[in-house]
Amino acid sequence: MGKEKTHINIVVIGHVDSGKSTTTGHLIYKCGGIDKRTIEKFEKEAQEMGKGSFKYAWVLDKLKAERERGIQIDIALWKFETPKYYITIIDAPGHRDFIKNMITGTSQADCAVLVVACGTGEFEAGISKNGQTREHALLAQTLGVKQMIVACNKMDSTDPPFSEARFGEVTTEVSNYIKKIGYNPKSIPFVPISGFNGDNMLEPSANMPWFKGWSVERKEGTMTGKTLLEALDSVVPPQRPTDKPLRLPLQDVYKIGGIGTVPVGRVETGILKPGMIVTFAPQNLTTEVKSVEMHHEALQEALPGDNVGFNVKNISIKDIRRGSVASDSKNDPAKETKMFTAQVIIMNHPGQISAGYTPVLDCHTAHIACKFAELKEKVDRRSGKKVEDNPKSLKSGDAGIIDLIPTKPLCVETFTEYPPLGRFAVRDMRQTVAVGVIKNVDKSEGVGKVQKAAQKAGVGGKKK
């Protein structure tokens, strides 16, 4: 079998009718985890419904419908394989909770595929002030998705079809915009494709002889290719943050007869091992880890990305809960957050947001109301430069630097130190009204409770 391929996560973004579903569906269909029987079933249904031209988008619609109805569809359907990687599509917009998912994200995307439609008039609509192309690209940038691929789709419907001039125009315009928000266009492959007909998806297209291929310059060197598949293979795999101190936000806490209290969550940074002395924030409780398990097997160490359960001594199920964060008591332990400063982008709020506004924040697994205590500055969301001090209010489309105060104990971190614990979604009226990135955290130096087991191991407190 040889070496297992590396896994990477991508998020597919772009305006509503840019052809995201068709393009994604095409990749899954051609390289992916959908078995022949399922495809034949979908094709038959499509013919019966007179949607013969459906092909790929139909596949995705079926998957989406099942996902939204809460049917646990085989997640393999959202995976596909390239010569170099196993790729998982962690989400695609169009979902009600897309933005929230992308932020509290069960996983961080390694690369965003921005799909833009090149058809006459379509591109302009997508990148206009109220199109989603800009919003999604900005969101990807804000949330720390460092790499991007631009798929210039619907090349078959340019005027004339497969127009080199149109591809040039779209490339220039998109480059200018993404440069403003902080991406380097030189490091981004721009691929002219037809997600529907398959041009330049997996094989070079005969319809665009003028396209000599894409070329990108990155610190890893120059890479070239012709197709979208090759562009995906040019993604630089992520470095797992094992060298950072441990942060593990709890998803749940169970009480298991004969074993005791078992917190469950995903290691975001660092390493968790049996015998380690961990501190839970914001509760400030310290105790020893007896054992660590994943998929019912004991682990000697859990690494970033691993979903694990671990057994802790002398801590009751009432002491800790979802949203608590486990950390290494001897290496930058997590603490309760008194106040934090964040750069916030208001996305869709019907009115003005001013000091005193107290919506719910979703940050890692925590879900807690926080008060916008002070609007410190309004910034240009494209350049990040300050445009006004102490603004009275912020409205949709604005970005600002804000001080927030949690209404209940909470533990968050700065985005630069611990990215998964430093980005959040602001929820109100059942939608995501804003997203934010934490710049600075004021931590409380509370006196904690150290369990007997941990005292023996020589942590805090006087030995009795």
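Each residue, glycine too, has its Cβ placed from N, Cα and C.
Features of the protein shown, as given by Swiss-Prot:
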DOMAIN    5-242  domain 'tr-type G'
BINDING   14-21, 91-95, 153-156  GTP binding site
MOD_RES   Glu301  5-glutamyl glycerylphosphorylethanolamine
MOD_RES   Glu374  5-glutamyl glycerylphosphorylethanolamine
Using Cα positions only, nearest of the recorded positions to Glu374 (5-glutamyl glycerylphosphorylethanolamine) (Gly14, Asp17, Lys20, Glu301)
Gly14
Mapped DSSP class for Asp17 (GTP binding site), helix or strand or coil
coil
Distance from Glu301 (5-glutamyl glycerylphosphorylethanolamine) back to Lys20 (GTP binding site), taken between C-alpha atoms, in Å
39
DSSP-derived structure type at Glu374 (5-glutamyl glycerylphosphorylethanolamine), helix or strand or else coil
strand
For Glu301 (5-glutamyl glycerylphosphorylethanolamine), which of the binding-site residues Gly14, Asp17, Met155 has the nearest Cα in space?
Gly14
Same-chain residues at least 6 apart in sequence whose Cβ lies under 8 Å from Met155 (GTP binding site):
Cys118, Pro161, Phe162, Ser163, Arg166, Phe167, Pro192, Ile193, Ser194, Asp199, Asn200, Asn207, Met208
